[in-house]
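Some notes on the structure that comes next.
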Amino acid sequence: MNISVSMNKFDSKIKFVQLVFVDINGMPKGMEIPASRLEEAVTDGISFDGSSVPGFQGIEDSDLVFKADPDTYVEVPWDNVARVYGFIYKDNKPYGADPRGILKRALEELEKEGYKAYIGPEPEFYLFKKNGTWELEIPDVGGYFDILTLDKARDIRREIAEYMPSFGLIPEVLHHEVGKAQHEIDFRYDEALKTADNIVSFKYITKAVAEMHGLYATFMPKPLFGFPGNGMHLHISLWKDGENVFMGEEGLSEIALHFIGGILKHAKALTAVTNPTVNSYKRLVPSYEAPVYISWGYRNRSALIRVPAFWGKGARIEYRCPDPSANPYFAFAAVLKAGLDGIKHKIDPFAYVEENVYEMSEEKRKELGIETLPGSLGEALEELEKDKVVKEALGDAYKNFINYKWKEWESYLEYLEEKHMPKDTKKVTEWELERYFFL
């Protein structure tokens with residue numbers, strides 16, 4: 001968007017603009033400026049202190065600059081404010097640990113190979129009543145695809161969907177999920193950077209609308225023990241010269257198969273990025289439709305990578321382990337880098353399955369070469385430290401990310417020891433609720 005055009009878009013009611021970026025956890029951060037300073041924010045940028053932003057700079061060298069991306073300008077329909085995403089700079093150069101900048105660089109690498117990535121997410125969330133405690137209360141007892149009286153939140157879902165186009169999101173399917181008070185609103189796929197922005201916007205819209213109704217919306221992977229977890233399946237395709245290169249004559253193309261091979265090869269390390277919280281691994285357990293075993297198959301929802309039954313230009317893969325606690329910019333960069341590694345090195349996919357992996361014997365899984373995803377954040381971080389490709393995907397953010405996450409894991413272990421709880425507990429602790437409920 002031309003800067004002058006963006007300035008002309010102002011509604012007379014818009015007095016302030018929110019400059020939005022995310023921290024290492026994917027949590028939105030930012031500041032507001034008078035609307036009259038938007039052009040300055042685009043051309044020169046607005047300086048800020050990065051030392052208090054998780055995963056950014058130390059206090060001894062904390063000066064950063066936010067430059068607005070005018071193509072992301074939107075006006076919030078329930079408030080007299082606009083929002084804009086952007087990129088972060090340090091010393092007049094792109095800041096190496098900026099999550100949005102990291103994804104941009106990963107996409108530039110993909111484009112050098114001639115590819116453009118499109119991603120469609122399926123973020124799930126729970127709605128809870130506000131009661132001032134961590135005794136979470138559910139406002140409805142609906143189940144999967146319920147549309148009658150059990151689904152008390154259908155009007156809230158509709159309201160969220162009605163606001164989405166104002167932020168550039170196109171809602172496609174709204175429905176109650178498997179868990180009581182659990183919901184999903186799918187929106188149309190887009191280019192990877194736009195989709196990452198859209199995930200941040202979708203969380204913002206959902207939480208704001210829930211707040212209007214006196215409820216909390218949480219994207220925490222596993223807010224309730226014994227209930228289904230919140231996932232964020234990613235539907236991914238690569239395009240070249242306007243054509244979907246995942247499309248083969250009979251099923252997927254060789255490029256798509258190698259892309260799958262790359263993700264399977266790096267799957268263990270990827271979980272540290274796509275499932276980056278202690279709580280993530282309480283969702284990744286058998287029997288809740290969350291993938292645990294590193295495998296792939298056509299139409300098979302027990303596999304880590306599923307190929308949906310759509311061909312032609314709709315050819316794509318579905319990566320099923322990510323959850324909404326992931327920083328979408330990091331997650332997309334890492335997954336695409338892993339897939340590109342598969343294409344470059346012609347990595348054939350392994351562990352193909354047609355049957356339910358959960359019901360297989362351990363011997364059968366071993367025979368098919370099916371391995372298991374890490375069972376905890378600590379295990380995932382160990383795998384990340386050994387994986388050059390995924391580490392490189394995080395760029396200059398890797399050091400901050402790995403240090404931050406190890407401290408997170410150690411803090412959790414200290415909590416368990418203090419509470420005399422086993423290290424492998426699958427119960428959801430108050431430590432997790434306090435840390436992840438508002439992600």
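Every residue gets a Cβ built from N, Cα and C, even glycine.
Residues GLY229, ARG283, GLU289, ARG320 are recorded by Swiss-Prot as L-glutamate binders, and the candidate that the same record lists for that site, out of ARG188, ARG301, is ARG301. Among GLU124, GLU159, GLU162, GLU211, only GLU124 appears in Swiss-Prot as part of the Mg(2+) 2 site alongside GLU177, GLU184. Mg(2+) 1 is bound by GLU122, GLU318 in Swiss-Prot, and the record lists one more residue there from HIS183, HIS233, HIS258, which is HIS233. Sparsest Cβ environment among the binding-site residues GLU124, HIS235, ILE236, ARG301 (other Cβ atoms counted within 10 Å): ARG301. GLU318 (Mg(2+) 1 binding site) falls within a strand segment according to DSSP.
The secondary structure of LYS313 (ATP binding site), as reduced to three states from DSSP, is helical. Around the Cβ of ARG320 (L-glutamate binding site), the same chain contributes GLY231, HIS233, ALA290, PRO291, ARG301, ALA303, LEU304, ILE305, ARG306, each under 8 angstroms and 6 or more positions distant in sequence. Taking the binding-site residues ARG306, LYS313 in turn, the residue surrounded by the fewest other Cβ atoms inside 10 Å of its Cβ turns out to be LYS313.
Among the binding-site residues GLU124, GLU172, GLU177, ILE236, LYS313, the residue whose Cα lies closest in space to that of ARG283 (L-glutamate binding site) is GLU124.
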